[in-house]
Every structure is written in structure tokens, then in C-alpha cells.
Amino acid sequence: MAMNRTFTLSNKKTIPAVGLGTWQAQPDQVRNAVLAALDIGYRHLDCAEVYANENEIGLAIEESAIPRQELWITSKLWNNKHAPKNVEPACRQTLKALRTHYLDLYLIHWPVAFKLDEKTGETAVDRDGNVIYDESVTLEDTWKALEKLVDAGLVRAIGVSNFTISKIQQILKIARIKPVMNQVELHPYLPQNELKEFCERNEILLTAYAPFGSGKEPSLFEDQVLKKVAEKYKKTVPQVLVSWAVQRGTIVIPKSVNPERLQANFQDFEMDKEDMDEINNISKTTRHRFFATTEWKQWGCPDVFGERTLVN
């Protein structure tokens with residue numbers, strides 16, 4: 001049985017529950033992947049400047065001839081564009097690449113500001129190639145600049161990505177326009193229960209990125225609980241993971257450039273309560289964050305999530 005495939009944001013806009021993630025999709029592959037996804041029925045595309053493929057996504061959108069109002073397009077502000085003077089130019093650059101005059105949703109990609117090298121237009125780095133942070137720019141400054149994008153009609157809604165509860169609270173204290181979304185790593189090994197409850201209380205939806213993990217150990221695809229549930233419903237583990245996310249009330253953006261996997265990922269279904277409960281309990285014994293910034297040496301191993309040990 002298919003589930004309700006849309007969610008309503010706090011600004012009353014409706015967003016498709018299952019979208020296409022485009023991170024790590026190579027420019028020479030992403031155009032065909034987007035065309036295939038749109039043909040299958042996807043109407044939600046998740047993009048970002050730093051993915052370096054927005055131009056090809058824009059070409060696919062244009063080629064599809066699907067009316068703009070039928071699509072939901074999300075993009076993200078990269079870390080080196082947090083300074084208020086750089087926010088609108090960054091947004092306009094994304095709009096130009098995607099060949100659209102507005103975004104449905106624009107997110108602050110990470111709650112950290114990098115210095116921008118004004119000469120190269122790239123992130124400033126030190127002699128060892130490590131990122132230089134811009135301590136003069138606050139999240140509050142950046143958020144107020146995003147609000148102006150809404151005022152100007154360049155974006156319909158704004159939100160955040162990779163934000164903890166404390167970072168969201170910083171925004172909520174000063175927000176004239178509240179965030180409608182927080183996009184985070186989310187799967188049965190990292191269900192983000194506390195963050196989800198906080199966001200729900202504040203009318204902020206969660207989007208699950210990396211819903212299948214990262215391809216590294218521990219493997220969600222080999223999890224015995226997930227394999228058992230998949231066998232019961234005669235589905236694949238990826239289909240179980242997508243359906244678990246949607247049934248739990250979160251948006252999910254699986255990524256693939258393979259047409260068969262795109263099709264399979266789009267076929268969510270409803271599971272019995274006991275199966276949902278069993279999946280929800282997986283994190284009691286297996287918990288893992290695949291994208292831990294404390295291991296990212298080029299970033300200087302920042303503790304973005306406020307955790308040197310994993311919390312869910």
C-alpha cells in the first residue's frame with residue numbers, strides 16, 4: 001500500500017516525501033539520471049552548489065519540459081558564502097545554473113563559515129591546505145541574509161542542514177522567517193530521535209540524507225533486522241529504508257544514477273507497526289554516524305555536531 005507521498009511545511013507549501021539526492025553524481029551522469037528520475041515520477045530534486053553539477057541538472061530540467069510549478073527544487077548555500085554580501089550572489093549563481101527564477105527551498109549547508117579567497121572565488125586555505133574559518137561571520141548574520149532572499153522572491157522557503165538543536169535555537173531566537181527544514185544524516189543507525197522531537201515541536205521537518213549509509217561498514221544493507229523485514233514484504237532493503245523514513249514522518253533523498261535503482265527507491269510502501277518498532281530499536285544495539293566531521297582533517301576536524309562520542 002502506497003503512503004501519503006507529500007508533507008506540508010510550516011509555510012503551507014507541499015513537498016514531495018521522496019526526492020532525488022544529487023551528491024556525488026558526476027556531471028556526465030547526473031543529466032541522464034535526472035531525466036530518468038523525472039520520467040519515473042520524481043518531482044523533488046535536492047541540489048547544492050558544492051556538488052558541482054547544478055548546471056547539468058538545470059539542463060535536464062530544461063530538457064524535461066516539465067512545468068516549473070510541478071517541481072520542488074532545493075539547493076544549499078556553501079560554507080564559503082556565509083558572509084551576508086555573498087549570500088544573494090551565491091543564490092543567483094545557483095538559479096542561473098539550474099535555469100530557474102526561484103528555489104522552493106534554500107538551506108545553509110553546514111553551520112560553519114569558511115573564509116572566501118576573493119581572488120580565486122574558492123575557499124581560503126593555509127599553507128598546509130587546511131580550511132581557514134571566518135570567525136567574523138555568525139549564523140545569525142547568514143540567516144538574516146537568507147530572509148532577504150525570501151523577501152526578494154528568489155526563494156520560497158529557507159532552512160538549515162547539519163544543524164544541532166543548539167544551532168537551530170540560535171536561529172529561532174532571531175528569525176523573522178523561521179526555518180522549515182533541517183537536512184541531516186538519518187537512518188536506523190542514526191535515527192536522530194531527540195533532534196526529530198525538537199524539530200517537530202518547532203514545526204521544522206527533517207530530510208534524511210545518506211538514508212542507505214555510506215557504503216562503508218557497518219552496512220545497513222547487511223543488517224539482519226532490515227533483511228528480515230524486506231523478505232517479509234518481498235521488497236529490497238533500500239525500499240525498506242526509504243519507507244521507514246517516510247512512514248516516520250521524514251523526507252528522504254536517496255541518490256542513484258542507475259535507472260533501475262531510481263525506480264526501486266521511488267516505490268515506498270507501508271509497514272506494520274511491529275516492523276517499524278523493530279527497525280526503530282536497531283539503534284539501541286547498533287549506532288553509527290557515517291559522516292563525522294571530527295574525522296575530516298582538511299576541515300581541521302571540527303566538532304560540528306557537538307559530540308566526540310555518538311549521540312542519537
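Here, residue 1 is simply the first one shown, and the rest follow in order.
Each Cβ is built from the backbone N, Cα and C atoms, and glycine gets one as well.
Feature annotations, courtesy of TrEMBL:
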DOMAIN    18-283  domain 'NADP-dependent oxidoreductase'
ACT_SITE  Tyr51  active site, proton donor
SITE      Lys76  site 'Lowers pKa of active site Tyr'
BINDING   His109  substrate binding site
In three-state DSSP terms, the structure that Lys76 (site 'Lowers pKa of active site Tyr') belongs to: strand
DSSP three-state assignment for Tyr51 (active site, proton donor): helix
Rounded Cα separation (Å) that holds between His109 (substrate binding site) and Lys76 (site 'Lowers pKa of active site Tyr'): 5
The one of Lys76, His109 whose CB sees the fewest other CB atoms within 10 Å, among these recorded positions: His109
Cα distance (Å, whole number) from the residue listed as 'active site, proton donor' to Lys76 (site 'Lowers pKa of active site Tyr'): 10
Overall pLDDT of the domain 'NADP-dependent oxidoreductase' (18-283), taken as the mean: 96
Cβ neighbours of Tyr51 (active site, proton donor) where a neighbour is any other Cβ within 10 Å: 22
